[in-house]
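Participant: Before I ask anything, here is the structure I am working with.
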DNA sequence: AGCACGCCGACT
DNA sequence: GTCGGCGTGCTC
C-alpha cells in the first residue's frame, strides 16, 4: 500500500502520512487533507511503502489539486536543503517557496485568455459608420486583420470602445485555453550595446567560458565601473541559447530604470517580482517563468524560489546587501541559496558588488569562486574624497562639531546639497569618554563592554561578565561619559534652528514607508527642494545624488566599538557605497567621518587604501579572533515576560551542547535590545571551526530542544549564519 | 500554527 | 448557576 508523506504548513520538523483515495498523486503536487479538526493544503513530498504511524489510523487524501507537479525535482532538492541546513520545519519551507496564491489553493495552470474576434455582422460592417468614433473605428479595423487579447485591446483602445463594440454585437469574446508562448526566443534583438572596456571584456569572456556548467563568479567592481554592462553582455549568449536568466536585487534596488535597461537591451518582456505586487500578479510571473515564457526574471529575496523551465544563469546584484537574509521565520540567505541552486541546476552564478561580504571575498581569495575585478571607472562617475574629523574634547551641538557646521554652511552657500548620515545598523551602545575617547574594555576578552541600560550594567558580549556602570572615565577621570549615538529627531530640530534658511528632509524607513513615498522624496531632492538631507541606511542604496557635495557621517564610533563584529564591515560598505553616490565628475564631493578615534587602524586602512585593502585586513582580524568566515555560527534567541525563563531555557540549551567539545557556547547573554514589547530577550551563540561539526550537533539536538520544559513557555528561534545580533 | 479541551474567576 | 479567560496538548 502506498503511503503518501505530505509537507503540511505546521511548525513541526516532520512529514505527515496519508493514504491515497483512489488515484495516487504525483510527488510535488498539492493535495487537500483533513488534519485534526481542519482542512489543510500540503505538498506530496515522498511516496513510501511503510509508515511510522499506525497504518489503520491513517486518513485518506481528500482532493488532489494539481495534475502536474508544481515542484520539480530540483526545487524539492532546494527545499530539503533549506529544511536541513536551517533546521526549519519542511512544511514551512515548502510554504515559503510557493507564491501565496498557490498556498491558498489557487490553480497553478495559467487562466484561459480572452480574445476578441469579429462577429458575422462585424465582418460585413461598413467602417464608415464609425467615423465619429475613432477608437472603435481603429479597433474594428485592427480586428479585421489580427486577433487581439481582450486585455491588450482594453489597454490600447480603452475599455469603453471595447464595450461599445461588444454591445453593438460587432465583436465577441472568445475564451481560448492558455497557450505556452515562448516567442521571446525569436524576439531577442540587441540594441544600445556599448563596446566593453578591457576589464569588462575579460569578465564577460570568463563567464561565457563556463555557461554550460556550475561556476561561481565574484564580480568585484568599484562604483561606476559598469557591472550592469557585464551582466548584460553575459546574459546575451544565454538568452540566445533560449535559456532563462534570474536576477536578484536588494529590496530597494528594483527601480524602473534598472528594469528598463534589461528590457531595452534585448527588446523582450521582463518578469518583475517585488513586495508591491498582488498575489495574482506574482502567480502570473511564477507561471510564465515555470513555462519558459520569460527570458529574464528580476526580483528581490524571495524571487530565488521562482521556477525556470530552462535555467541558464543566476545573478545576485549587490551580493553584500543585508536584505538578502530573511530575519524571521525561515532565516535563509538568498545569496547562499543561489549558490546551492546554481549548483543543483548546473548553471553559472554571478555575485556582483563594489563591497563584497567578507564571506564572499574569502571564497574568491581561496579560489572557490572566480574573482573578476573591475577597477576602472567608466563614464562620468566620481567618488567623494574621504576625511576623518577628530571630535575629542570638541563641543558638539546636536551631535555635530563646530568645524563641521562651518563646512556645512560653506557647501550650502555654494548652492550644493549636504547629506548627514546617522548609522543605526549594527549599533550596540558602548560607553565612551568624550574627553579622551576611552572605551571600557573587558579584561578577559579585550572587547568593548556593551551598555545595558535596562539592567544598569556593562556587559561583555564575548564572555558574559558584567560590572556596574562607572561614573568616571577610567583613564582621565572625566565624568563626561556618554552612550554613543544621536537621534534623528534631535538632529532635525537642531538643524532647523541653526540653518533656518535651508530646508531639510529626513529619509528613513519610517518617513519613507511605501515605495511611492520614497520616489516622491527622491524627486524632491533632485529638484533641489531640500538642501539638507538627513538619513539612515536607505540613502546608501541605488540612488545617486549628483548635487550633494558634502556627506557627513555623524557617529561611526558606534560601529567601530560595537559588540557586533560585523559592524565594522557594514560601516566600511556603507562609507564606500555612499562615497560613490554623491557628486559627479564636474562637481566631486567630500565625505567627513566624525570620530573619537581618528587613528583606528580599520578606519585608516579604509580611507587610505580603499575597501579591497580594508577587507583583507578585516579578514586577517577575523582569522585571529576565530570569527566567521573562519568559524561557523548559530544563534539561539529566546524571549519571555520573565527574564529568568529566557535565561534558564538557553542555559538548558547550552547544556545540551556541552557534550560537543568542538562546539563553543557563548552565553546566554542579554540581546542588544534587552527588552522589546515588554519581553526580555536573551541569546546563546554556538560556534565551530567546521560547518559540518556545527550542523551535526544541531541536527542531533533540535528535536531535544523542543521537549525542554520551558520550550513552550518561551518564544525561541534558531538563526544559522546569523547576520544581525540585535 | 490552530483548534479543542479543561479548569478556575466574575457576571446576568 | 454559566460565560469566557488562556494554559496544555495533539494533529498523520
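Cβ atoms here come from the backbone N, Cα and C positions, even for glycine.
Checked TrEMBL, it gives:
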type    : residues                   : note
BINDING : A:433, A:436, A:473, A:476 : Zn(2+) 1 binding site
BINDING : A:442, A:445, A:460, A:463 : Zn(2+) 2 binding site
DOMAIN  : A:208-374                  : domain 'Helicase ATP-binding'
DOMAIN  : A:450-628                  : domain 'Helicase C-terminal'
Participant: Fill in the CA-CA distance, residue A:442 (Zn(2+) 2 binding site) to residue A:476 (Zn(2+) 1 binding site), as an integer in Å.
Facilitator: 18
Participant: Relative to the Cβ of residue A:433 (Zn(2+) 1 binding site), which residues of the same chain, six or more apart in sequence, are found under 8 Å away?
Facilitator: A:439, A:473, A:475, A:476, A:478, A:480, A:481
Participant: Residues other than A:433, A:436, A:473, A:476 within 8 Å, Cβ to Cβ centroid, of the Zn(2+) 1 site?
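Facilitator: So the additional residues around the site are A:434, A:435, A:437, A:438, A:474, A:475, A:477, A:478, A:480, A:481.
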Participant: What does DSSP say about residue A:442 (Zn(2+) 2 binding site): helix, strand or coil?
Facilitator: coil
Participant: Hey, of the binding-site residues listed (A:436, A:442, A:445, A:463, A:476), which one tops the CB count within 10 A?
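Facilitator: Within the set of binding-site residues, the most crowded position is A:442.
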Participant: Within the chain of residue A:460 (Zn(2+) 2 binding site), which residues six or more apart in sequence place their C-beta under 8 angstroms from its C-beta?
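Facilitator: Sequence-distant Cβ neighbours: A:442, A:444, A:445, A:447, A:449, A:450, A:466.
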Participant: Note the mean pLDDT of the domain 'Helicase ATP-binding' (A:208-374), expressed as a whole number.
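Facilitator: Summarising the domain 'Helicase ATP-binding' (A:208-374) by its mean pLDDT gives 95.
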Participant: I want the residues beyond A:442, A:445, A:460, A:463 whose C-beta is within 8 angstroms of the mean position of the Zn(2+) 2 site's C-beta atoms, in chain order.
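Facilitator: Here the non-site neighbours turn out to be A:443, A:444, A:446, A:447, A:449, A:461, A:462, A:464, A:465.
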Participant: How many other Cβ atoms sit within 10 Å of the Cβ of residue A:473 (Zn(2+) 1 binding site)?
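Facilitator: Excluding its own Cβ, the number within 10 Å is 21.
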Participant: To the nearest whole angstrom, state the Cα distance for the pair residue A:436 (Zn(2+) 1 binding site) and residue A:463 (Zn(2+) 2 binding site).
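Facilitator: For residue A:436 (Zn(2+) 1 binding site) versus residue A:463 (Zn(2+) 2 binding site), the Cα atoms are 26 Å apart.
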